[in-house]
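A.B. asks: Per TrEMBL, the features are:
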DOMAIN    A:232-310  domain 'Cytochrome b/b6 C-terminal region profile'
TRANSMEM  A:12-31  transmembrane segment
TRANSMEM  A:52-74  transmembrane segment
TRANSMEM  A:94-115  transmembrane segment
TRANSMEM  A:124-143  transmembrane segment
TRANSMEM  A:155-173  transmembrane segment
TRANSMEM  A:203-224  transmembrane segment
TRANSMEM  A:261-278  transmembrane segment
TRANSMEM  A:298-321  transmembrane segment
TRANSMEM  A:381-403  transmembrane segment
TRANSMEM  A:415-438  transmembrane segment
Amino acid sequence: MEPHPDLTISVIRGLGWLYLLMSLLNICWTFRSHKHDGYYNRMFGIDHLPKSMFWAIYSALLLVLAAVHLVFSADASSFLLRLPSWFKVAADTVIANPISFFCLSLVIFIAIIALRKWWVQPTVAWILFNLSVLFLAVSMTDYDFRQIVGKPDNVPIVGMLYLVGFTTWLYFYKANDNDERIAEGRPLAEKELSDQVLVWPDLVYSEMICMILVTSLLIVWGVALQAPLEEPASAVKTPNPSKAPWYFLGLQEMLVYYDPWMAGVVLPSVILVGLMAIPYIDFNTKGNGYYTFDERKFAIITFLFGFLPLWVGMIVLGTFIRGPNWNMFGLYEYWDVHKLEVLNNVNLSEYFWHGLGQPLPKPDAEAPGLSQVLTILSREWLGILLTLAYLFVLPPLMAVTVFKKFYVKMGFVRYMVLANLVLLMASLPLKMVLRWVFRLKYIVAIPEWFFNI
Amino acid sequence: MSVTEYIRKSQIWRSIFRHPAPYDRRNRAVVVLTNFFLHLHPVSAKKGGIALSYTWCMGGITFFLFLVEALTGVLLMFYYRPTLEWAFTDIRALRDVNTLGIMREIHRWGAHAMVITVWLHMYRVFLTGSYKPPREFNWVIGVLLLVLTLLLSFTGYLLPWDQLAIWAITVGSNMARATPFLGHEGPGFQLLNVGGFDLITNASDARFLLLGARTVGEETLNRFYILHCVAIPIVVSGLIAIHFWRVRKDGGISQPL
Ligand code: HEM
């Protein structure tokens, strides 16, 4: 028997239960659809065809699928329902490449915002949810996918993705509603619930139900999945890859583009200071205490960009896609320690001096300290100038152009804080693009002082 | 007289609950006012503010998970010794021989869940604009709670003392080496020297402070154990108390004016 089988009987059974669950959920959805969705006037030559027909057929198909998985008892290797390899190859090519990965997450991000009126419609959202579960389910028929997604410590990330998806949906659903109300001059949805109610029973009971649900979830989770315990610690056996805990993998991913002092110290501090500064730099008094998008577009888009593609997206990348030697691997790819990725990145100063046809100025170790410093600075002058310009010239420029309104309303200090925070956040995707397009390593490279940007 | 009635009328019961059962409007208000646990709440609130679809109950669930972690954590402490000799074996015993072993699972998954719910709570607070005046400062306290939640999880990650643990902590704490000025591989550390001697070395920098040693070792285990089981939980409890107090004092859960 194969050591790494794509399918085993227990995987097939597990999928059977999953399809059964999905079928039941979709049967519920069929009833909902029957109540709300109405009819097609004429379709396939039939008058008055209820839209819920399609959900009924789909649920039935899922039920058949579940039955097939649950009763199958022959050799697992002869089971035919599995992910075709052309799909695996195609998906891996897209995912295991930083450029297409980030383009993809950017496209999704833009679609979430631009198509917000479309995708939050319950039917569309339900279809998207179904597609994601089906994707997960068929992917489970791949051995390598199971190894990485099924790891006990990675399971919460899948859960988080669904929760983030659901809450984002809920936000846009409510914000769209309120935005329509505002546009039409009707009162906000929250306003319609402004009567006072007693906390007992209206709040304490829902709290108690929450507590019971969370407790049972934890117990079920604890029984179903054993907490990981690997070999005893050994200071000499370095695992490859060595990963930080999953919630820090966004930071670890930044190490690809920034040196540790930036990725591990400066940028995390900037994130925290930036978060704390939000209430003091957001001068927009609208949108306090209700869901809205139209009334605070800039704030929402900036925050969503930081949270969805940068924070959550990079956790996904760091957990599921970064493998040995921090190389990128497709979801269905074996984590080969010997996979080679040619890395030869070039510093800006090297581009500059070699472009001029000159060697890099080298500080003379014998020379007095000051002249060494001057040599280093003259070697890196272009990068230093660009960095300073980015942080200190760009904000005033933006103040008289794109951010004019902000500057007038915010005053100098607040504006500068905002501009620098936005620029620092933008510097990450910017550096990524520079890396991919120009193979740029450091803009300022002073390894002598551990000072690389 | 039915049994419940008998119990409710007894002196013992009435000494614990100083009011009749919350059957009517008046007593529903009184129960919230007089009960220590319930008095975190106001007596009444706007319907929209306590709607599940508004708060997602994420702050409440985060708090509940914190309590679950405290309870399961104390139980785990009975079975765990933070030394190189015992740490790993004690954890393995939780799996293999201990009846209460499932506490470890609940503690670990609860910790993951708490990280997720605290993010989602922040997400909700942002999306409803609830950090806007007068709630600016409570948002700042919230950010501190977020950091401490992550640190609680991070320090706990080391305690099983397996390969997963020490290497995750090694990777995570290596960053501290590069702290500007205060890390021995950080920019500017050379500036801190006296008479040609570096003040910042691998035995005196920010990373050493965190680990208590040059690499992740027994000193680190001890340090993280104390941070995880004593120091951070105390600070978090204090901040949560302030956080809740401020929710009330800032006018309750935010709602449109
Ligand atoms: C251990 C972590 C935390 C706990 C236990 C906690 C708990 C709570 C609870 C129970 C509420 C009442 C409303 C609700 O449930 O949404 C609340 C409100 C609030 N929280 Fe937190 N929280 C935590 C972390 C945070 C973080 C990370 C932030 C933001 C960065 C934050 C900012 C706020 C603000 C501004 C409010 C007032 C919201 C409003 O009035 O609508 N909290 N918190």
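Yeah, the Cβs are placed from backbone N, Cα and C, and that goes for glycine too.
Since we're looking at a predicted model, the values are computed, not measured.
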A.B. asks: Residues sitting near the transmembrane segment (A:12-31): Cβ under 8 Å, six or more positions beyond its termini, same chain?
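C.D. replies: For the transmembrane segment (A:12-31), the list is 52, 55-56, 58-60, 62-63, 65-70, 72, 76, 79, 126, 130, 133-134, 137, 140-141.
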A.B. asks: By Cβ distance under 8 Å, which residues at least 6 away from the ends of the transmembrane segment (A:261-278) in the same chain are close to it?
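C.D. replies: Same-chain residues near the transmembrane segment (A:261-278) but 6 or more away: 251-252, 254-255, 417, 421, 424-425, 428, 450-451, 453.
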A.B. asks: Could you tell me what the rest of the chain brings near the transmembrane segment (A:298-321), counting residues at least six beyond its ends with Cβ under 8 Å?
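C.D. replies: Same-chain contacts beyond the ends: 95-96, 101-102, 105-106, 108-109, 112-113, 148-149, 154, 157, 160-161, 164, 168, 243, 246-247, 249-250, 252-254, 282, 284, 287, 328-331, 422, 425, 428-429.
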A.B. asks: So which residues does the transmembrane segment (A:415-438) touch in its own chain, when a touch means Cβ under 8 Å and the partner is 6 or more beyond its ends?
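C.D. replies: Beyond its ends, the transmembrane segment (A:415-438) has Cβ neighbours at 98-99, 102, 254, 257-258, 267, 270, 274, 277, 281, 302, 305-306, 310, 345-346, 351, 390-391, 394-395, 398-399, 403, 406-407.
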A.B. asks: Can you name the far-off residues of the same chain, 6+ from the ends of the transmembrane segment (A:94-115), with a Cβ under 8 Å from a Cβ of it?
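C.D. replies: That would be 168, 172, 301, 304-305, 308-309, 313, 317, 321, 328-331, 333, 429, 432, 436.
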A.B. asks: Can you work out which residues elsewhere in the same chain, 6+ from the ends of the transmembrane segment (A:124-143), have a Cβ less than 8 Å from its Cβ atoms?
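C.D. replies: For the transmembrane segment (A:124-143), the sequence-distant neighbours (Cβ-Cβ under 8 Å, at least 6 residues beyond its ends) are 4-7, 11, 14-15, 18-19, 22, 26, 29, 81-83, 88, 118, 149-150, 158, 162, 165, 169, 331-332.
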A.B. asks: Should anything in the same chain at least six residues away from the transmembrane segment (A:155-173) have a Cβ under 8 Å from its Cβ atoms, list it; otherwise answer none.
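C.D. replies: Answer is 112, 116, 119-120, 125, 129, 132, 136, 149, 225, 246, 291, 293, 304, 308, 312, 315-316, 319-320.
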A.B. asks: From the DSSP assignment alone, can you count helix, strand and coil residues within the domain 'Cytochrome b/b6 C-terminal region profile' (A:232-310)?
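C.D. replies: Per DSSP, the residues of the domain 'Cytochrome b/b6 C-terminal region profile' (A:232-310) fall into 48 helix, 1 strand, 30 coil.
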A.B. asks: For the domain 'Cytochrome b/b6 C-terminal region profile' (A:232-310), would you mind checking the mean pLDDT of the predicted model?
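C.D. replies: That region's mean pLDDT is 93.
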